[in-house]
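What TrEMBL annotates here:
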type     : residues : note
DOMAIN   : 37-251   : domain 'ABC transmembrane type-1'
TRANSMEM : 41-63    : transmembrane segment
TRANSMEM : 70-89    : transmembrane segment
TRANSMEM : 95-113   : transmembrane segment
TRANSMEM : 125-147  : transmembrane segment
TRANSMEM : 171-193  : transmembrane segment
TRANSMEM : 200-220  : transmembrane segment
TRANSMEM : 232-250  : transmembrane segment
């Protein structure tokens, strides 16, 4: 139905009227849609690689150095942000990053660093939101990687030790290749989540300052539920769907080409 509505002028108050490609043409001149695409892409390029690498490294450390009760404690602690709602996480971090009275600025003041307007500066707001997203997601992907590490035969590591391989060499030549299917899953999920980001941004910045943190889903929300342009919102949603599908296909080809399957 979204595909059909994207070719119509449609609001909740009147039936849809077919207008062909007009909604798609309107996107070219939309002052909010281009920043929304740019911000979503930047957000994805920041969050996905960092949370993927962090979760893999931490999972490997837990599997190799901190097994047992201590490892379970670390996993449980890192998983707390995952089970917390995105709205709660956004609200807590909004207060922590506040210019006046925020705990982050208070800590920085102790070492002589002045107040930073984390969410009010155009060039810092999106990065700040991205860091919070990474903090929330790492625990989830860590558990996935940890489960994958449990399936890697220990005999591979023992044989590598006999051959004189260092821990770093074992990580890059045994762990990373063995977890390529898991990495494909983690990267794909992370990318989809990043392109769908809404509640964290809405809670922390509302898309501001200006258009600094507006995302594609937020732009769809504003068009559909604030301006009641359901047809135009459907067109943007359909474009988002096609982008996600295209990226998923490209990721599959990249990982398949590297022996990820």
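Even glycines carry a Cβ here, placed using N, Cα and C.
Annotation: stretch 41-63 has the most Cβ pairs under 8 Å to the transmembrane segment (125-147), among 41-63, 95-113, 171-193, 200-220, 232-250. For the transmembrane segment (200-220), the residues of the chain that approach it from at least six positions outside its boundaries are 30-33, 35-37, 39-40, 43, 86-87, 89-91, 93-94, 97, 119-123, 125-126, 128-129, 132-133, 136, 233, 236-237, 240, judged by C-beta separation under 8 angstroms. Remote same-chain residues near the transmembrane segment (232-250) are listed as 2-3, 5-8, 10, 23-24, 26-27, 33, 188, 191-192, 195, 216-217, 219-221, 223-225 (criterion: CB distance under 8 Å, separation of at least six residues from the stretch ends). With Cβ pairs under 8 Å as the measure, the transmembrane segment (70-89) is packed most heavily against 41-63, out of 41-63, 95-113, 171-193.
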